[in-house]
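Annotated transmembrane segment per TrEMBL: 88-108, in sequence order. The active site, proton donor annotation in TrEMBL covers GLU301. Summarising the annotation, TrEMBL assigns active site to HIS330, LYS444.
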Amino acid sequence: MNTRNKEWRSSMRLTVDYNYMMKKFIGSDGFKDSELAEMKESAAQAFNYVAEHRGKGMMGWTELPYNQKEIVEDIIATAKEVRRKFKYFVVLGIGGSALGPIAVFNALCHLHYNDLAPSKRRGPKFYVEDNVDPERMKALLDVIEPEKTCFNVITKSGATSETMAQYLIISDILNKVLGEKANENIIATTDHAKGNLIKLAKQHNYKTFYIPDGVGGRFSELCPVGLLPAAVLGLDIKAMLAGAAYMDGVCNKPSIAKNPALACAVLQVMAMNRGKNVGVMMPYADSLKTMSDWYCQLWAESLGKNVTLDGKPCNVGQTPVKSLGVTDQHSQVQLYTEGPFDKVVTFLSVKNYREEFPIPHGCEDIPDVSFLGGHTMNELIAAENKATAYALAKAGRQSYTVWLPEVNEFTLGELMYLFELQTAYAGAMFNIDTFNQPGVEAGKQATFALLGKKGYEAKRAELDSAPAAEDKYIV
Ligand code: PA5
């Protein structure tokens, strides 16, 4: 990867093809050129809003590609040490503190990474524990050796019950097996001042990375939250940041025709305004399968809001759905083609896969099978992607494609930054607070109350006084 070379960078530029959003191609449900032109002003306003607020308030994430030089060196040095000392690396976190590391791991490492021999991996075995299912915790402990494991506890708030429960379990185990040296197996990633993890980190002298101010959970992949796990896996985190910076530059124009993030935001907002309440994210690459999970959180938590910035009720948002090409052609595409006209499909398509796999000739006496011979799996997946987009268009359904020249650190940085900008533009068009999550906080607080956390007595009383379930509604 030659991220400094201008030609190489432009050869890696992501593009967005939205032909199948347009009336000309899909018929009555598509947009007319004139309708797109009518969005010019609101698109420019959203662009200006994001430009004016970048780097401020909860938009600190816009600057991550530029302001982490020293931190990146520390992360790389720490990762080297982790690779030298540990057999396993486990992320303990949830939501924005887990989905980015999972997406990057899945996209850039071998698809059966943990099953590879150590000599074929660039780092330790890798796990992200983003649930509190007791069976899963036991399963993890069945396959790792805690004394040979580095646990990266990630929580911005330092107060999330799931992550702190995991922390309690793991630190108890480490204390038992390692005694005073238990702290050497924990790395904390958290806010520099707020929350409990930072207190614990100081008390136990954990190596600590900070989640910068103005960087919320779902916008945190390009800070130590995502960069440390990626570096431990031996990935080129500088190239990820270079890709993000490149996309930032590409999107530095207030025009739908030139700014791909703005184009995506405008298309989605127009679609939502016409009742397209479901956004399907459908990568045609197994490596991008969990990118959909990361995107779903970003899109759902950022846009699902009930009040505008000036206090008016709004109830906006679009339900993101994950789907995988070609796998889900055989489970969901029937619905997308013939069901309600309430969806927009975003395809993530890859021009050059990192492998080429030929399909051998055979079964010559069965033409329905032998026609496949002599092609490659690459041709087959590309044909199926094209065919699905075409079939949807023929059925009058809207879709657009984000094209990745290939999947690598640079293009992944581009893709994540593009989605973050798209989300910020869409939130600006709806005039909502894109960066809060009161709905998530409400659930967190009810959990605190149910488990008897001090200070949540009133919430507990409120929960206890809620009407009891009636037997007649239980079958
Ligand atoms: O985007 C967000 O802010 C949330 O989804 C958080 O990432 C999630 O709730 C986990 O929070 P924390 O990192 O504080 O543990």
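Every residue, even glycine, has its Cβ placed from backbone N, Cα and C.
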Residue among active-site residues HIS330, LYS444 with least C-beta crowding, 10 angstrom cut-off: HIS330
Rounded inter-Cα distance in Å - the residue listed as 'active site, proton donor', HIS330 (active site): 29
Remote residues contacting the transmembrane segment (88-108) - C-beta distance under 8 A, at least 6 residues beyond either end: 82, 123-131, 140, 144-145, 148-156, 160, 162-163, 166-167, 170, 189, 216-221, 225-226, 229-230, 232-233, 235, 240, 287-291, 293-294, 297, 301, 407-409, 412, 416, 440
Neighbour count (Cβ, 10 Å) for GLU301 (active site, proton donor): 22
Rounded to the nearest Å - Cα separation of LYS444 (active site) and HIS330 (active site): 37
